[in-house]
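J.: Dropping the structure in here first, questions after.
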Amino acid sequence: MSVTAFHWADYAVFALLLMLSTGIGVFFGCKDRKKVSTEEFLMAGRSMSIGPVAVSMFATLMSSVAFLGDPVEVYYYGSSYLAMIIGGTLGMIPVAHIFAPKFHEMHFLSAFELLEKSYNHKVRKAASLTQVLSMMFMMGVVLYAPALALSQASGISVTVGVIVTSIVCTFYTTFGGMKAVLWADTIQMVVMFAGLFALLICSVIAVGGFGPIWEVASRGQRLDMFIRMTPNPFERSNFWTYLVGGFFKVLIPFASTQLCIQRYCTLKTPKDTTKVVYLNIPLFLVCISTFFLVGVIMYVYWSCDPVVSKQIDRVDQMIPLLVLQVLGFMPGVPGLFIACLFSASLSTLSSGENALAANMLSDLVIPWYKRKYKKDMPDRTGTLIAKGLAVGVGVIVTGLSFIIMQMGSSMFVIANQVLGMLGGPICGLFIAALMFPRINTTGITIGFFASLSICVWWGMGAVACGPPKQTLPLRL
């Protein structure tokens, strides 16, 4: 049995999430109203404990794009996707022992201060601007994704979903600061896993248990993890592409983005950063494994591909369709999963707004202020500007989200192309600065712009030509 409309209980669950997030922002905004400082607003006073930081970091990186895109990846390309667990785990090891402790010891407000210290201010500004553009685009995708799911499930327009999400997120981020972001992420992570497990359990029941899943998925080659072992870089999906992709999917954000580096600096000691990174491994394992199972169940559940049968128009709508068909008869449960998607989106967006505010304040505004006024910026002024920057980022990201609505490519593809095109060269800068101090400024500048040009060329070519049609056999 299935339905195609939201029950009042679904709206109630969804509204409760928004109220909780807003309430956390109000609580910390009122609680710390006398601690008006840039350190408090952007770095939580560098006094956070391990638990909320670890959960917040994972919640930030596991965005709504992953929830909507990763199971679809498994649906089309099979179990080679599980190699990401191996690659991702390997990627966390150097971060835990090299990158995270060193970033904490430096006590920078912006991660890119390291690049000025190692090279010069021009390298710092170029890298910072590149990451700001990359993160804004990613946040636009992340903002659009759950609004699309809400629209399909309830009939509420995508525009309304985008605007409401943006307002709630920008409010609690600006009012409550980094502490509100970290604790809201923790609550949202609980909602994310609750919604994901609800979908998994009900989907297993809907297809008759693990026996039919194993039988049908095996016939459809969805469980043949090691069948594609050829190390061919031109092949869309095989064991090695997912393993290498998983390594860099973890290494790039954990070692070179303001999102993660800022969180390392909220902790009390360098040893805490190592613990935080390792705590992300079991979370990563559980999440990737669950995405895999949901993707396999999607293949088993539908006897005919829903895009081919015209049930939906885009692959991005597969998960919302499954939610309605599997969970629709239970009032409140579809709302829980939609809340799960919005939790993933809010955690990424709030962290992004706070991180970009820190980037722009430290890399652009403070240096300009010092040049113009020949003195340091007052702390209160810096805090007010940081809050204004967070609001500005929220407005820009909302506009970008409306532009992304018009794109025809899968959100999963777009998000990963942006991460690879712009994130890879930036990660190379941080690796060079921390591990290869003999590289000079001229060499690093040439290397950065050369790698950025090549990556953008490849990425734009992939967008223009579209992904290769190398999917596993579909049920028709």
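Cβ coordinates come from backbone N, Cα and C, glycine included.
Since we're looking at a predicted model, the values are computed, not measured.
Annotation comment: TrEMBL describes 12-30, 50-69, 81-100, 126-147, 153-175, 187-214, 239-256, 277-302, 322-342, 384-405, 411-436, 443-464 as transmembrane segment.
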J.: When you look at the transmembrane segment (187-214) alongside the transmembrane segment (277-302), do they share 3+ Cβ pairs under 8 Å, ignoring any pair fewer than 6 residues apart in sequence?
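T.: Contact confirmed: at least 3 Cβ pairs fall under 8 Å.
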J.: Cβ pairs under 8 Å with the transmembrane segment (81-100): which stretch of 126-147, 153-175, 239-256, 384-405, 443-464 has the most?
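T.: Between the stretches 126-147, 153-175, 239-256, 384-405, 443-464, 239-256 has the largest tally.
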J.: Under a Cβ pair cut-off of under 8 Å, which of the recorded stretches 12-30, 187-214, 322-342, 384-405, 443-464 contacts the transmembrane segment (153-175) most often?
T.: 384-405
J.: Given a Cβ distance threshold of under 8 angstroms, which distant residues of the chain, six or more beyond its ends, lie next to the transmembrane segment (126-147)?
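T.: Distant Cβ neighbours of the transmembrane segment (126-147) are 63-65, 67-68, 110, 112, 115, 158-162, 165-166, 257-259, 316, 338, 341-342, 344-345, 348-349, 352-353, 355-356, 359-360, 363-364, 393, 396-398, 400-401, 403-405, 411, 414-415, 418-419, 421-423, 425-426, 429, 448-449, 452.
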